[in-house]
Amino acid sequence: MELSSASAILSHSSSAAQLLRPKLGFIDLLPRRAMIVSSPSSSLPRFLRMESQSQLRQSISCSASSSSSMALGRIGEVKRVTKETNVSVKINLDGTGVADSSSGIPFLDHMLDQLASHGLFDVHVRATGDVHIDDHHTNEDIALAIGTALLKALGERKGINRFGDFTAPLDEALIHVSLDLSGRPYLGYNLEIPTQRVGTYDTQLVEHFFQSLVNTSGMTLHIRQLAGENSHHIIEATFKAFARALRQATETDPRRGGTIPSSKGVLSRS
């Protein structure tokens, strides 16, 4: 009886163990290596896999190079030295609006700050000149250097918008600026500044500044006064509108895919 009972217990335990034992399917019996899903490239012949990996490395390298180039920004740097002035200018078109100007002409420094801040350009200007005579030569040579720096920073002008248009108010003053980075220098200037000076700055030098900048940058620039009575407001609104229009023109258009924005396929001074 005891042997019979023990046998029954063992038989019952064995049945219970079988019920509790996890059931293994066919997939559980396969080697672990066989369960790894092969990628498309792993099923390719060895020489094709090597070529695919090479293309991937090249793509990553090009992407890194492009990112590095964008990080550096489009920068133009110019040094102009004459018997009258010593001027250095550096402009980053892809900057953040850093203004760093010391021209020896306080009001002009204030206007260059507007160019940097509202254009989101990094503008570095250092100048010494014969300001003991007047501001004419320093004002002119700074503008010539800025125009040349813009020309260098733009390069072949691939992918840019090319055109810029902006109207800026400053209290009672309202100034409209329209420009084209065409490679053809032209200035249309229509400001009526009521006073001869703002501080020590001769207001006649505003037109001369933009004419000099146009000559070396090769841009077509139109400046129109729609309203304004205060000389400071008129001039400052002009620089703000110019900065915003230039920012618009120099920014890249992703739809262009890096092509030159001209039906001729080229934008140049010649």
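Heads up, the Cβ atoms here are built off N, Cα and C, so glycines get one too.
Same-site candidate for Mn(2+) 2 binding, as annotated by Swiss-Prot with His136, Glu140, His233, chosen from His110, His118, His208: His208. The candidates are Ser63, Ser101, Ser263; Swiss-Prot tags Ser63 with the feature N-acetylserine. Each of the binding-site residues His136, Arg184, His208, His233 was assessed for Cβ neighbours inside 10 Å, and the highest tally belongs to His233. Around His137 (Mn(2+) 1 binding site), the same-chain residues at least 6 positions away in sequence with a Cβ under 8 Å from its Cβ are Thr82, Glu84, Thr85, Gly129, Asp130. When other Cβ atoms within 10 Å of the Cβ of Thr138 (substrate binding site) are tallied across all protein chains shown, the result is 24.
The Cα of His110 (Mn(2+) 1 binding site) lies closest to that of His233, out of the binding-site residues Thr138, Arg184, His233. For Glu236 (Mn(2+) 1 binding site), applying a Cβ distance below 8 Å and a minimum sequence separation of six or more within one chain yields His110, Met111, Gln114, Leu170, Ala173.
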